[in-house]
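**Q** Dumping what TrEMBL says about this protein:
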- 268: active site (ACT_SITE)
- 351: active site, proton donor (ACT_SITE)
- 1-86: domain 'CAAX prenyl protease 1 N-terminal' (DOMAIN)
- 98-165: domain 'CAAX prenyl protease 1 N-terminal' (DOMAIN)
- 168-403: domain 'Peptidase M48' (DOMAIN)
- 233-255: region 'Disordered' (REGION)
């Protein structure tokens, strides 16, 4: 794929009507830089993880946590406390590329929220495993199912607003059109929100959430041409500029027109109407049950703990980490590929649903705009695409919409 980024320096003929040369080159360089960063950060993570395993870093940190707890008067039975100290080493995982002030504010929030959720959930899970008897894996699976459903329910209303501002979509033509489309397919819409995604990046998105008769739609401000902060011109005199010296804005707006926004939503609601969301939940829970069952089979194997440097103890938390993170790793890669294939199939079906709503032409143009706004590179190596892309490549989606668009 990197070779594709390096060598494809001109807009291919079949893309001539989709991307101009300036956008194509900007996208190519962005993806090349992104690929370089991904390669080196991934290589560092692999080297770091390998060195931790070879040098006995996991048992060292666990024993250190135990000693700290011991000095505070807590014995080995306080596994949760050891876990709390043990997980502090992962604080660097919250690092991300943002402005310094925004980063620190965001990093602290993420760490606090993560710990507030992780610690009680993990403690209850460990407790269930210890008292559950021979069939603890069933109770553990049911517990994680309930937790996941609760988190999905409360995330958008109580967790996401801690990081981004959500405002109701103002009354107007777009809101009326969204409500009309939702009603036409019996989607139980209750609220429509706009989230200020432009503070983090220029990427556009839209999604829905909620169970049963309480569905909400969330639109990123970067998706909406009329709401995107990136389209707003500076106020007169701002930054000391006057009308003569202020540069003229480029005639390029981010986001989609109302008709295109409706087409994107038609695609998203297609996932709901076709049952893709429910199917994904079922697949996820079947996989979760299988993993807990296999965990129950493997947790008694002392050799697993010995291989990772735990010769005298077999902490349940360490068993969870060893089995789910390392032993299941090859299986997870195969599962991920299968889910990628299924996801691409679902995306084509959702596009076809939007087409049936008469949105083919608008979805066609919206996909092109979103690809430009997100600096997506429309040329890809087929093996790389097959393994990594959960969404079909742009040209394949456009080709599927082309006949209906021409009609």
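Note: Cβ is positioned from N, Cα and C throughout, glycine not excepted.
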**Q** For the domain 'CAAX prenyl protease 1 N-terminal' (98-165), what are the DSSP-based totals of helix, strand and coil residues?
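**A** The domain 'CAAX prenyl protease 1 N-terminal' (98-165) comes out at 62 helix, 0 strand, 6 coil.
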**Q** Taking each of the active-site residues 268, 351 in turn and counting other Cβ atoms within 10 Å of its Cβ, which one has the fewest?
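**A** Result for the active-site residues 268, 351: minimum number of other Cβ atoms within 10 Å at 268.
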**Q** Could you tell me the C-alpha distance between residue 351 (active site, proton donor) and the residue listed as 'active site' in angstrom, no decimals?
**A** 9
**Q** Tell me, roughly as an integer, the mean pLDDT over the domain 'CAAX prenyl protease 1 N-terminal' (98-165).
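**A** Here the mean pLDDT over the domain 'CAAX prenyl protease 1 N-terminal' (98-165) amounts to 83.
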